[in-house]
Amino acid sequence: MKKILYIALGILLMSVTACMEVDNWAEPDAGVHGRVIDSYTGENLLTAQGDWGIRIWERTWKESVPTPQSLSVKQDGSYNNSKLFGGTYDMLPYGGPFWPVDTLQDVVFGGNTEQDITVTPYLQLLGFEYALNGLKLTLSCVVKAPIRQGLPNLIEVKPFLSLSQFCGATNYIDQADYNNKRIQYNKSWTEAFGDVEESTVLHIGPLPVKAGYTYYVRLGANVNDANKKYNYSEIIKVVVPADAQNDPDAIPDFKNGTYPFTKADWDGTRWGNLADWKTNAAMRTREGRGGYDGGWEGAANDRKSLGFEHWNAGETAIVNGKLYQTFDLPVAGTYRFTMSLAGDNPIKANGGNDPRYIVAALGEDLPDIENIATALASTNFAGLNQDTGIATIDFTIDGPKKVSAGFVVNFTGNEQNVRASFVKLEKIN
């Protein structure tokens, strides 16, 4: 027994001394730093912290296949790594929002090598501005596509808000009030804007903010390549005053009134209820839902539209179906209710000729079509061009009033539908 114990102790002692051998490899003492440069501006290509990187391969040892390493690119478009082994490397920026670029070969890392890399971004975001009105923030910019031949489809333009100086897809306030204000395209640049380099001025908002908070904000736009990373505007610091508040006499507008629309719930494939809108039972013909149309391509490509439809005789007809909101209008005057088919909705429609009205009426409900003359104002927009059509009604109140505004429809024929791009309520006098 004692002999066995001595053997075990000997093995343990040998193991410990083996672990005490000195590593004779010197620690990495080479580094590389530099900038990823936008070929259009000559300035750093702005990104989000750690959103994409630079791949490097050490080529010093020819006998073996090199294992790639990654250098992270910072938010300001610079990079730096001071813990690399000296040698000869290949470098390739990858995974970012730019056109494919050639590998940079035979770059010698020794000491602290400086190596800038130039790329050509898919998109540029120009003229980025913000407007703060009380507790409502609106962002705007122009998107530019200098190269349109071969450009992947434009996906979206999205707002990013953060409470720290790091702002972008890797660090932002992820909430529906912001995400649902993005402008989605999912189409070619030419389909979205025509064969031009620059878009019109795009406005995103209003975005709700909090009094006394400081936000860091920017816009991003991306295309449907393998990575779907964003090209960004610069970051702007927005300080919301501690005493900021919305104007109590401000004219209320429709909530959830612009494409992309937000659903309160849906069937998981197409039909749902619109958030912030009221419907009556006659409008809810899709298994108890109505007013939201996600399109016919399923959940993976939800089109986020305000919409209602009666397509064939096998479906329940919509008789005096109503979709509306109720407002407390604060002052006397003349108001305008606008409904636009024209706009960014990718599935906008106005099919068929069955009666479809935009209506404004006193109180918390809208009249049936047979009593439409009792409304403050109404118009039947059947036949309005589905690509360019805009319908408006004006109405006057003599003091503060509760007013409802929205849609009343009778869809009993086949292939009747409406999918609008936006609605708006404003005071014009």
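Cβ coordinates are placed from backbone N, Cα and C, and glycine is handled just like the others.
A quick note: this is a predicted structure, and the numbers were derived from the prediction, not measured.
The domain 'DUF3823' annotation in TrEMBL covers 32-120, 129-236. Annotation comment: TrEMBL describes 255-406 as domain 'DUF5013'. Residues or ranges marked as signal peptide by TrEMBL: 1-20.
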(request) Mind tallying the domain 'DUF3823' (129-236) by DSSP state, helix then strand then coil? (result) 9 helix, 52 strand, 47 coil
(message) Looking only at the domain 'DUF3823' (32-120), how are its residues distributed among DSSP helix, strand and coil?
(response) 0 helix, 46 strand, 43 coil
(message) Restricting to the domain 'DUF5013' (255-406), what is the model's mean pLDDT?
(response) 96
